[in-house]
Amino acid sequence: PQTGRLALYLLGLRATCPTASPQRSLVTWLKYHLEEDWTGSRRHGHPLTSYYQYGLGVLALCVHHKRVREEVIRRLLTAQHHGRLGHGGNSVDTEAVVALAFTCLERRKLVGAELEAELRAATHRASRSMVEAQGPDGVIGNIYSTPWALQVFLATGVCQTEAAFGQAMDALLENLDAFSTAATMAQVLPVLHGHSYLDIASMHCQEEPDTLTPMDMEPLTEVLGNKTVQLVVECPLPWCFELRLYDRPVPAPAAASLLDVLRAAAAQEPHDFTFDTQDTPHGPFLTQVLGLEARQQKRNYWQLLTAPSTPLQMGVADYRPRDGETLILRLSEW
């Protein structure tokens, strides 16, 4: 099911203040996808996509002022209560999306009084969880999950009293260059203007003059020369009997991204190194390395780390390794 993609599209569509109502049939499709998505729980115990996408779907319906069946809401409440929303940055992303959905349902009075109280308590738990997930650098989860957490603080009105808000905002301003795709910019721009996705629901659409003008962008300085990156592939138990499957130096241009390094490794040894990616709104996502495929159903993914064990805060297309750096692709559970 395309739950998350359709939800993001509907949020964006609402934010553009369309003069017509093309979203009516799309909202119906989103309701259908939410039900189709949940069929996965009967076999796997979680949605076919993820709780993140499922939460986005509920949020988008609420922003469009559509009621959501209580059973659908309670699926998210139960998942949060039992700690099934993930871990690390993924957990913060999902906790925040779910908390925004709960706050929207409560604010728009789309649920009964008893459920409203449960949603308020769940949102409070999510906020405390995000504060606890904040690192000494101010980042909450990782740099990409930080805008989601800040949206929750803004939506719930605790941004004026919560010290974590100011620290996270400082960290965000120091790392704005990490937000280079349309999807990541869409998460961070509302926060920079003191808003959350919930504010889309109460926008007063009006005609505005077209004041957009193109920016004069300076061309990026070309980085000359070459570098060598040590590329390591790890696959722990229970998926593999041998932990380290690949460990070789890969020469690449000095300006190469991690994705470029992977391509160079594949060109250098086409029979020994293979990989595959999937296009997402956040950029290419690593799905297969050395024939080993990360699967949603198995709840695993290819984690990107710089040696010895520091997770990367950027995706494969955005991160640019340093000369002599050791990068690890590790099949991990989420």
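Using the three backbone atoms N, Cα and C, a Cβ is placed for every residue, glycine included.
All protein chains shown were included, and the count of other CB atoms within 10 Å of the CB of TRP334 (cyanocob(III)alamin binding site) stands at 15. Taken from TrEMBL, the feature cyanocob(III)alamin binding site applies to THR49, SER50, TYR51, TYR52, GLN53, ASP93, ASN142, GLN187, TRP302, GLN303, LEU304, LEU312, TRP334.
Around CYS62 (disulfide bond), the same-chain residues six or more apart in sequence whose CB sits under 8 Å from its CB are VAL68, ALA101, CYS104, LEU105, ARG108, LEU110, ALA201, listed in sequence order. Taken from TrEMBL, the feature disulfide bond covers CYS62-CYS104.
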Within the same chain, the residues at least 6 apart in sequence whose Cβ is under 8 angstroms from that of GLN53 (cyanocob(III)alamin binding site) are THR3, GLY4, ALA7, ASP37, PRO47
All chains considered, the count of other Cβ atoms within 10 Å of the Cβ of ASN142 (cyanocob(III)alamin binding site) is 19
